[in-house]
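Annotated active site per Swiss-Prot: ASP149, in sequence order. Annotated S-adenosyl-L-methionine binding site per Swiss-Prot: GLU75, GLU100, ASP127, ASP149, in sequence order. The substrate binding site annotation in Swiss-Prot covers LYS153, ASP185, THR222, LYS223, PHE224, GLU225.
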Amino acid sequence: MSHTKIMSTDQLETQITELDNLPEHREIVTFMRRSAPLNTSQRSALEQYQDLILEYPVGDLRQHFEHPEHPLTVEIGFGMGRSLVLMAKAHPERNFVGIEVHVPGIAQCVYEAGMAGLKNLRVLDADAIQVLREMPDNSINCVQLYFPDPWQKKRHFKRRFVIHERMQLVEQKLELGGTFHAATDWEPYAEWMLDVLDNRPALENLAGKGNSYPRPEWRPQTKFERRGIESGHKINDFIFKKIGS
């Protein structure tokens, strides 16, 4: 029986540094792939519910649904997918695409979505930035970023998803009136997010400039959120609406 080797933190740090030093590594990514074994149900789910898994490149995400005219929500980094599945169950009038690079998370998400018989959820193993670039402008109703890697070390700040360059791309793809919803339990990243987002002229802070949004009841609690609460961390939600181009 083969065993999947899981990288230590030190090994990940070394890999990140080596990637940054490669001359051909021009694109800064916001994620690192981490290996982990699949359980039996996850392995079978990848085959049984493969119709829920999109293969990159995918083009316009809306075309992969039975009702492409329904509002589209894109979640970037859905972890194990429980909250994404719950949202798709609660909102059959919307289409959901989850983008994740952690294979066990993808497998668990399609297992739960498949068992629930969901038709309005698809998942994708890809770099979210590349996926967004290939989407038509003004085509997404909501982009969700829940408890992303805060990249705590200063030299890794460029990897944070919420920076001006990446938010410009998000704005281009959001339809007018569409929203960007982020949540984090890491206070320094929350302050960073607010500083970036409050200074985007095309976005309006629905909680008022300088404020975080009251925790929405409709956002299911995630595993990372529970861990943050158990550690005594404050949970910050930010919802920004596109008001211009």
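Placement of Cβ uses the backbone N, Cα and C atoms for every residue, glycine included.
Structure with Swiss-Prot features highlighted.
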residue	record	contacts (Cβ under 8 Å, 6+ apart)
GLU75	S-adenosyl-L-methionine binding site	LEU84, PHE96, VAL97, GLY98, ILE99, VAL143, GLN144, LEU145, TYR146
GLU100	S-adenosyl-L-methionine binding site	GLY77, PHE78, GLY79, GLY81, ILE106, CYS109, VAL123, LEU124, ASP125
ASP185	substrate binding site	PHE147, PHE224, GLU225, ARG227, GLY228, ILE229, SER231, HIS233, LYS234, ILE235, ASN236
THR222	substrate binding site	GLY79, ARG82, SER83, TYR146, PHE147
LYS223	substrate binding site	GLY79, MET80, ARG82
Mapped DSSP class for GLU100 (S-adenosyl-L-methionine binding site), helix or strand or coil: coil
Site with most surrounding Cβ atoms, counting all protein chains shown within 10 Å, from the recorded positions ASP127, ASP149, GLU225: GLU225
Number of other Cβ atoms within 10 Å of the Cβ of PHE224 (substrate binding site) across all protein chains: 20
For S-adenosyl-L-methionine: widest Cα to Cα gap among GLU75, GLU100, ASP127, ASP149 in Å: 14
ASP127 (S-adenosyl-L-methionine binding site) and the residue listed as 'active site', distance between Cα atoms, whole Å: 14
